[in-house]
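**Student:** Can you keep this structure in mind? I'll have questions shortly.
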């Protein structure tokens, strides 16, 4: 182990002319990234632009085909994440790497390469306490990681890197699970540490607000190529998005047509649900969604939105309360979905809405395979009919697949999403429930899917949109409500609210303003 | 009447200590294995093979303690086989476990045939009841040293899982293989070692069966105790200390039938003898519904995922 004080505090890193191919696919093509010592650098790009591939090359998960890596000015050959750690490069991944059953203290101690055979907990505790004293944020040391909130886990991940004395931090979309206030706190603190020259930070992000507010420099990748870099403090959003998207231009927002609030209506009255251990997931939800209206529910992941969608789709029992569609009590069963024309697009469709190994056509037929015209007399199912209808919808919804018979798991995320939309939106829709419909999709798919949802609204459907993406909520919704800790704020017309108010509600502070972190 | 109740209670206490020992040793072995993220259903095979090897070794060398050691080693080799096969890609640990259960018992029956008749030197018990003039108390408190080995092991395992690097690595491997790999831990090796050590404990459990209680080698010696011990681990929620209490409870329920018979109450004898099996079923149903158990289960177990 190199002693902490012999190591330069904030290292610089340069990745020069890096190329990496997977099969015939060029994931990175002559990309150069320079992160100065003590800077807070943003790496921007759309999904699939090559950001992850680049950091994985730096971390030693992949070996670049071409290119050079300079760490603190010296050439470095990093063959494995272990070697990266030894150099002092640490990464916080999008999925947490903490061990859920161990406590925070145990996680920190075992992450050290020199954990003693017999751990003297009294001494370790004392050391950890002193370490925590010097840190800008704290985490309860005795708490089992499984019981920590997403924000606390994220902080613990960062603390772990600092505890291991890793001074070059790579963060992969670190704020996706945090409230805006938590995100500001974490990023603000990292920014200050960087300014003091204690760390250098490379952050993968696609949130312009965070980049311009906290970072000092940025690099943009587009389809595996270097698309630009510069000073983040004076970058403007239009410039950045043009670099990210390139020739595609700025996406036109989905067209909203005037509608009359008459027709189908989804109503929730005092709905509560509990998890398997009896803790409240959602409490006393009451709201209605009218015809020709999109109600957007904003919220940070894990505040009960998934439970709400599960309730509506029949995946989770309702503990108390009543669901109504068009005034009649609605029990979420397949028969009732058809009767009331309720359709849905759950989050992570590959997990929640399709059978991965069944074909695209079969997946598209889930709602119609046993009904005419696909099914024939005596309830016999017609595979040819399923295939024909599937092929039709695949064309109509522009699903990119090698054939209607390809297993749906072989499709890209956007095309799985389109297949589900093809299934759910091909008929008459009265009620539509969508959850994070554009999560992880590329630019073209996002525009496409949003406009399909908007069309549905324009035709008079009542749409419930649950999303963690505030921009999406503001673009799509007629009314906005915020979910925090299983409770829902009153829906407000979109014109009467703004991002700041919604942000405060996200943090569960019902209208009170969030304390702003000190920023120089 | 109160005399009869006293007799039943003393018989059950003695029975609990006696019967619980193999349960405890197998359960501790299984706890260690499952903490590392694998299930070894083959420990029934270790138990039977251990019993046979212990008896044979004790018979041929004259030293029952050498038999105990040999039984542990045999169990370790058997479980190392399990651990080794399970690290091959796409192998299911439960299926392999069932195969090893049959392999262990099969080997024991095959090599054990010549040892069914002869008498081997047995392990001696420690008489802890000498202070009492009551013969029932004296009888109940004749405790085999292997029981104390089990107790010591339970405490040691509990301490090890909490306070040593190995302990944390085993728990980490059992809860999140991805995190373990990210820290450069060889998940397969940890599991191989944990499974082998667990097999050693189970083998010792077998030695107790043939060298102390019932105290001779026969093919119907175990009658599924190794499998019940696996259920017991779930009941004990993967905690070595709770394994002790759970094993005592199983032991007491196993001693219920003979205890009642000893006071001349033989109605429903077979029913009372089935008590441990019924208890297993009840525990399985209850723990399947217990969310706490689900919460404490190592995240990597194939039944939890």
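Going from the start of the chain as shown, residues are counted 1 onward.
Here the Cβ of each residue, glycine as well, is placed from N, Cα and C on the backbone.
Straight out of TrEMBL:
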- B:6-29: transmembrane segment (TRANSMEM)
- B:41-59: transmembrane segment (TRANSMEM)
- B:65-85: transmembrane segment (TRANSMEM)
- B:94-112: transmembrane segment (TRANSMEM)
- B:143-161: transmembrane segment (TRANSMEM)
- B:192-214: transmembrane segment (TRANSMEM)
- B:220-236: transmembrane segment (TRANSMEM)
- B:243-263: transmembrane segment (TRANSMEM)
- B:269-288: transmembrane segment (TRANSMEM)
**Student:** Report the listed stretch (B:6-29, B:41-59, B:65-85, B:192-214, B:220-236) having the maximum count of Cβ pairs within less than 8 Å of the transmembrane segment (B:243-263).
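**Tutor:** Stretch with the highest Cβ contact count: B:6-29.
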**Student:** At an 8 Å Cβ cut-off, counting only pairs 6 or more apart in sequence, do the transmembrane segment (B:220-236) and the transmembrane segment (B:65-85) clear the bar of 3 or more pairs?
**Tutor:** no
**Student:** With a cut-off of 8 Å between Cβ atoms, can you find at least three pairs linking the transmembrane segment (B:94-112) to the transmembrane segment (B:192-214)? Only pairs 6 or more residues apart in sequence count.
**Tutor:** no
**Student:** Sequence-remote contacts (6 or more beyond its ends) of the transmembrane segment (B:143-161), Cβ cut-off under 8 Å?
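**Tutor:** Contacts of the transmembrane segment (B:143-161) (Cβ under 8 Å, skipping residues fewer than 6 from its ends): 17-18, 20-21, 24-25, 28, 31-32, 35, 68, 123-126, 128, 167-168, 170-171, 201, 204, 207-208, 212-213, 239-241, 243-244, 247.
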**Student:** Take a look at B:6-29, B:41-59, B:192-214 and tell me which one has the most Cβ pairs under 8 Å to the transmembrane segment (B:65-85).
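**Tutor:** Comparing B:6-29, B:41-59, B:192-214: B:192-214 has the most Cβ pairs near the transmembrane segment (B:65-85).
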